[in-house]
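Trainee: According to Swiss-Prot:
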DOMAIN    7-221  domain 'Radical SAM core'
BINDING   Arg16, Arg66, Thr97, Lys158, Arg261, Leu262, Arg263  GTP binding site
BINDING   Cys23, Cys27, Cys30  [4Fe-4S] cluster 1 binding site
BINDING   Tyr29, Gly70, Ser121, Met192  S-adenosyl-L-methionine binding site
BINDING   Cys256, Cys259, Cys273  [4Fe-4S] cluster 2 binding site
Amino acid sequence: MEKLYDSYDRLHDYVRLSITDRCNLRCVYCMPKEGLPFFPTDRVLSQDEIVQLIENFAAMGVSKVRITGGEPLLRTDVVEIVRRIKAVDGINDVSITTNGLFLAKLAKPLKEAGLDRLNISLDTFKADRYKKITRGGNIQQVLDGIAVASKLHFKKIKLNIVLIKGQNDDEVLDFLHYTKDHDVNARFIEFMPIGNSLKTWQKEYVGLKNVFDTCKDNGLAYHPIVLRGNGPSDNYQIEGYEGSFGLIHPISSKFCENCNRLRITADGYVKACLYWNEEIDIRSAIGDPVAFRKLIQKALDNKPLNHEMAMSETDRIIDKAPTWRHMSQIGG
């Protein structure tokens, strides 16, 4: 088996696969309030195309798949997609990133289909803030979904928390305390300038030093830990707490050095780097493994050493154009 390496000798064994660009929320850091039409149904990869695509990747050494969106649980065939992907020879870890609104209903069938891990977006514990950040979401549905999923013994449940200055950065302690009695990994994520105006990002970006400061100010002793999984987070556990917390800081501390992932958009493009505009249409080659591999290798050969999300804060020249897609169109 000839595995996938980029020009910097980074092994790629992980695919993040978006199965829809549609979402039942419009989170402020992911989608504009209006004016972003969803892809027509025939533009989105079918279930059979998805499975064949993953079979191609598995033959090239990919063993881990994360299903994303949009909101992946909006697809009525999501459980069957999970079941079929997990059945592919060589795929040993399947996870999903979801907003959790449908999780109370779908957590059990997803677990039975073979889902290993869950990432749930939850940027606040306050109902009014949640409604504002998500532009209309009901936080109780998410909390109910987390409660159901927590009883099903997934390998790991993670909460994704995008910190936004002036909106939720005062809730760090609440999330840290949540890990005391809940076996979850609360992951604080820096707000990224993807699909947002630069001016908005510069105003609302906040670094993650705040998390350590909060621990120190409240007498919370913590130590680094290693979590099995695919993410770029640095992970820690507070002494005596059941769960843990993680930091994902693409701006203040790049995670590119060990990048092992490729992103597949819902309409069948491969993006080797989250931030670059460059993408290659692989849909027409899904049925031809040889042609498929050539396109994937082309994407890897062009993959940059680092993204340049923080270019606005420096005098560096940008090597490539930033992505034109919003996060929901890439796959979160």
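Including glycine, each Cβ sits where the backbone N, Cα and C put it.
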Trainee: Listing them in sequence order, which of the binding-site residues Arg261, Leu262, Arg263, Cys273 have their Cα within 10 Å of that of Gly70 (S-adenosyl-L-methionine binding site)?
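Mentor: So the list reads none.
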Trainee: Roughly where does the domain 'Radical SAM core' (7-221) sit in mean pLDDT, to the nearest integer?
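Mentor: The average pLDDT of the model in the domain 'Radical SAM core' (7-221) works out to 94.
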Trainee: Which one is it: of the binding-site residues Arg66, Lys158, Leu262, whose Cα lies the shortest distance from the Cα of Ser121 (S-adenosyl-L-methionine binding site)?
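Mentor: Minimum Cα distance from Ser121 (S-adenosyl-L-methionine binding site) across Arg66, Lys158, Leu262 lands on Lys158.
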Trainee: What are the non-local neighbours of Cys259 ([4Fe-4S] cluster 2 binding site), defined as same-chain residues 6+ apart in sequence with CB under 8 A from its CB?
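Mentor: Listed in sequence order, they are Arg10, Pro232, Cys273.
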Trainee: Could you state the whole-number distance in Å separating the C-alpha atoms of Cys23 ([4Fe-4S] cluster 1 binding site) and Arg66 (GTP binding site)?
Mentor: 17
Trainee: How big is the Cα-to-Cα gap, in Å, between Cys256 ([4Fe-4S] cluster 2 binding site) and Leu262 (GTP binding site)?
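Mentor: Answer for this pair: 12 Å between alpha carbons.
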Trainee: C-alpha of Tyr29 (S-adenosyl-L-methionine binding site) to C-alpha of Arg16 (GTP binding site): distance in Å?
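Mentor: The separation of the Cα atoms works out to 19 Å.
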Trainee: Could you tell me the C-alpha distance between Lys158 (GTP binding site) and Cys30 ([4Fe-4S] cluster 1 binding site) in angstrom, no decimals?
Mentor: 19
Trainee: Between the binding-site residues Cys27, Thr97, Leu262, Arg263, which lies closest to Met192 (S-adenosyl-L-methionine binding site), Cα to Cα?
Mentor: Cys27
Trainee: Using a 10 Å radius around each Cβ and counting other Cβ atoms from all shown chains, which of the binding-site residues Thr97, Ser121 yields the largest count?
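Mentor: Top count of Cβ atoms within 10 Å goes to Ser121.
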Trainee: Out of Arg66, Thr97, Arg261, Arg263, point to the one nearest Cys27 ([4Fe-4S] cluster 1 binding site) in space (Cα versus Cα); all of them are binding-site residues in the record.
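Mentor: Nearest listed residue in space: Thr97.
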Trainee: Mind giving me a neighbour count for Leu262 (GTP binding site)? Other Cβ atoms within 10 Å of its Cβ, every protein chain shown.
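Mentor: Around the Cβ of Leu262 (GTP binding site), 24 other Cβ atoms lie within 10 Å.
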Trainee: Looking only at C-alpha atoms, tell me how far Arg263 (GTP binding site) is from Cys30 ([4Fe-4S] cluster 1 binding site), rounded to the nearest Å.
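Mentor: Given the Cα positions, Arg263 (GTP binding site) is 16 Å from Cys30 ([4Fe-4S] cluster 1 binding site).
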